[in-house]
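**Student:** Have a look at this one.
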């Protein structure tokens, strides 16, 4: 170290020109400068980005910090070879730093002008030993078991899914495909026949070679015929196995999505208040698709290689038990690494799916609010939000790739160790006369088969555990119990008169239980009355409607329908007799006729649809469209008033006993609103929720 300091000190003195220095000194100077450039521009930024090394300045050695200036330019030739061109020595400088400018920083003492670097090293004094310690910590962090491999500090998502064991996940998958178990049985039968056929191929292949060498023609022809039979049988059964497992895999993914979708639709509305649309669609899409490899690829190859590896191990022990035990020990070490690698990949897969769901949530939110994004010009901010999650995803994928590379490294080392041990010990046995050359050849072939079978089991087992880790949230959602509204069947009244009573009703949303929305509300509405509920925004008008529709359950109190508690009335039957138009009506991506008749259980004719549209004063604008009632619309292709008219027509078509309009005419002009009111007065009970800014309390009055 002292010699290196002296050489660097002499190198940086202005009294010795670089070109007049000895050849060894010049070579060392350029090699050291190039290594320093690579460390500063590539290795050191990577270490800083990983958070294991603090930003510092790599400077040469000096005795005391005196203000000196040093400038250098860096250029690259066409073949990317580094050229260090010394441009100027400051007369007062006793050294010069040769590395590319990083950033302009008053903390580090850097100032960038064009491609030149001015370094006021008097402001910075970094201890050489400290830099060495930082690099040692960085190298330790990237070694197996280091902090770089940990997922605990880098991820900003909270994993809510409960851990699912491998056997429990496989049991759930079996429940989904058990109705078509004949496909699974056919696949397993083909797998067993193909695996057994392939196990004997190395035996007869080696026997054919050595019988040909010994001129045993009859034995040679017999071995060749058996070899051809085994190859044909293996090919046919392998094709059948792949086809059956592929069909079973398709059935699994299809039924998993059906089960998950059904489970989600049967949840309470409060569930959708806490879950985002982007997250749920990601579970239906990418998470279920992640399971598509389980049966068709992972289980298929795992079972095949387990059978083949077991057969190869038995053959090796029968052939030569000492060599067989050596190979078994290597396979045991490989299996231990396989287990660690599989658990690591399972945890990584869970994080990948959570981060993917968060990225999909950002994209879905941006696309749904595209007009707002465009008006406020926040495209770059949304791209930055999306890139943030993609960066997290890339970081996890980088560690997965590094772990996969380390796994392959261990496999290749153990694989070649098996070959060396087999040749070494087998050669000694041949010289002693314990085994023949034919037996050693068979042993080498079967030992390679056993090692490769172990590797395939490990590789596909890690893929299987990734799929299980990615599907944990899917299984958790599938296990959710349906809402009580769908579990219990209430009574169906002979005739709904339409009397509504709110008796001491209080309510709080589960997402904000500390904030009361309604407190001790008492309202009575008689059949045939038209009631308007007015109040400021956020006073609870829409909440009253949601409670009447039983989208939420009251925290305290109860709601009576014709004197019966609403919980005892069949909810599907009750909703079929209520017409509802919300504040912001939503349309499905279908034609206008289908949107108006949406939810009607009885047979609806086109004349009925047109009658409802005329009652809602929507017929004229519908007929002005190119395709009339067959025009394809969605939530963004019509104006607010047009959507409200279609939603009102949808409610009128149901011929409801109770008609609820929650600010349903806010986007209509005064004349259209008056005409719709007149048309709807004949539809039984009309409950209206309106805003009156001059009122500061909840007012219920009869019109």
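Each Cβ is built from the backbone N, Cα and C atoms, and glycine gets one as well.
Quick paste from TrEMBL:
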{"type": "DOMAIN", "residues": "185-466", "note": "domain 'ABC transmembrane type-1'"}
{"type": "DOMAIN", "residues": "500-703", "note": "domain 'ABC transporter'"}
{"type": "TRANSMEM", "residues": "182-206", "note": "transmembrane segment"}
{"type": "TRANSMEM", "residues": "226-252", "note": "transmembrane segment"}
{"type": "TRANSMEM", "residues": "313-344", "note": "transmembrane segment"}
{"type": "TRANSMEM", "residues": "413-431", "note": "transmembrane segment"}
**Student:** How about long-range neighbours of the transmembrane segment (313-344): same chain, 6 or more residues beyond its ends, C-beta under 8 Å?
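**Tutor:** Hits for the transmembrane segment (313-344): 149, 199, 203, 403, 407, 410-411, 414, 417-418, 421-422, 425-426, 429, 434-435, 439, 442-443, 446-447, 450-451, 454-455, 457-458, 461-462, 464-465.
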**Student:** Averaged across the domain 'ABC transporter' (500-703), what pLDDT does the model get? Just tell me the whole number, please.
**Tutor:** 77
**Student:** Can you tell me which parts of the same chain pack against the transmembrane segment (226-252), counting only residues 6+ beyond its ends and a CB-CB cutoff under 8 A?
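**Tutor:** Sequence-distant neighbours of the transmembrane segment (226-252): 173, 176-177, 180, 183-184, 186-187, 190-191, 193-194, 197-198, 200-201, 204-205, 208, 291-297, 299-300, 304.
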